[in-house]
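Chemist: These came from TrEMBL, pasted as-is:
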TRANSMEM  25-49  transmembrane segment
TRANSMEM  69-85  transmembrane segment
TRANSMEM  135-153  transmembrane segment
TRANSMEM  196-219  transmembrane segment
TRANSMEM  240-263  transmembrane segment
TRANSMEM  275-293  transmembrane segment
TRANSMEM  305-323  transmembrane segment
TRANSMEM  329-347  transmembrane segment
Amino acid sequence: QYSAVDTNPLSVYIMQPIWNKIIKIVPLWIAPNLLTFSGFIMILFNYFLISFYDWDYTASGTSPGLVPTWVWLFSAFTTFCAYALDSIDGKHARRTQSSTPLGELFDHGLDSWATSIFVLSFFSVCSRDNGKTGVSVYTMYIYLSIVLFNFMCSHWEKYNTGVLFLPWGYDISQVVLIAAYLLTGTVGVEVWQKPLLFGYYITDLLVILLIGFSLFLSFPQTLYNIHRAHLKKTLKNDSLYEGLLPLVSPLLLFVLLTVWVVLSPSNILAKQPRLFLWMVGVAFSNVICRVIICQMSSTRPELFHWFLFPLALVVYAAISGLLGRMEEAALGVFTALLTAAHVHYGVCVGRQLSEHLNIYIFSLKKRVQE
């Protein structure tokens, strides 16, 4: 039984009334998962579109006109559409009486991947550091890691409490993203290259807000909700070991990736920031998907995720100098294999649940019993 709590005033008083009106125009024959997947495809297409014009995150800083204005406006449109579709899919499922565990996993699984894609697309707006403006690739890595950590905490919290306390940061971040794209499309990327307040740039303020929001609101709220469940004796896991188990693989993943970033002989993050950060997002998504499945099925998560071992080998070969000039090529091959494995994993789990629940993924029609 899916259980979620949303206390964000922005969501409750402003966005939810909008979604309640939009949902009325959605035809009843459309499957909720089709709405979810359509939103994901839109942000994925937008990401590849921005990547085409700005592969190395330098376009906004060194060549302000390289990314056409319509791309930023299109980004605002796709972000809003994806935000809307992700917000109404659950409402539509209840409306069509088609709520299933498959729908919950499909929604949250794609969210775990979309979270990183949203961030990676936004980096093209502010651009990487060029000595005068922009943010460093290391700041991008930290920024992405914090966002993914917050997402992980929400589902770790649900793993222990059985309730998903929807983070305030989601709605706020979506509105900020849409506003940022609209601002860039109407005013130009130059707005990100001028000090806004006390010598700080907009990007500096966003990073400060993100870190402050995570350290003083999001993570403390997660710990508080788990502690409250402990006092009420409603925790799903009695032992501390079982409760912390889902965090082991994500933390080890972060350690391995950080070691690669810091000790890379060729400074791999600076040479291939988009490829490396994409790999980070895919890796975290796969880890989080497995935690979500364990939470939904009340099963115990594995202590060490399987791809930590090949990743450890690649990192060792890179930092020890064994790869030499092949480090970038190794990153490309590893990223391609990891992405393919993640897609394969999602397809297999979706098909298994579809067959087990006797439903179709993208249709409301019932399967014929064999």
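Glycine too: its Cβ is placed from the backbone N, Cα and C atoms.
Predicted automatically and left uncurated, TrEMBL annotations should be read as such.
Would you situate these features in the structure and describe their surroundings?
Modeler: Distant neighbours of the transmembrane segment (25-49): 71, 74-75, 78-79, 81-86, 88-90, 92-93, 95-96, 98-99, 102-103, 106-107, 110, 113-114, 117-118, 120-121, 360-364; these residues of the same chain sit at least 6 beyond its ends, with a Cβ under 8 Å from one of its Cβ atoms.
Same-chain residues lying 6+ beyond the ends of the transmembrane segment (135-153) with a Cβ under 8 Å from its Cβ atoms: 57, 111-112, 115-116, 119-120, 123, 126-129, 167, 169, 173, 203, 207, 210-211, 214, 218-219, 222, 247, 250, 254, 261, 269-270, 273, 276-277, 280-281, 284, 287-288, 291.
Through the fold, the transmembrane segment (240-263) approaches residues 138, 141, 145, 149, 152, 155-156, 159-160, 226, 269, 276, 280, 283-284, 287-288, 290-291, 294, 300-305, 308, 311-312, 314-315, 318-319 of its own chain, all at least 6 residues removed from its boundaries and within a Cβ separation under 8 Å.
Residues 109, 113, 268, 272, 275-276, 278-279, 282-283, 285-286, 289, 307, 310-311, 314, 317-318, 323 of the same chain, all 6+ positions outside the transmembrane segment (329-347), place their C-beta atoms under 8 angstroms from a C-beta of that stretch.
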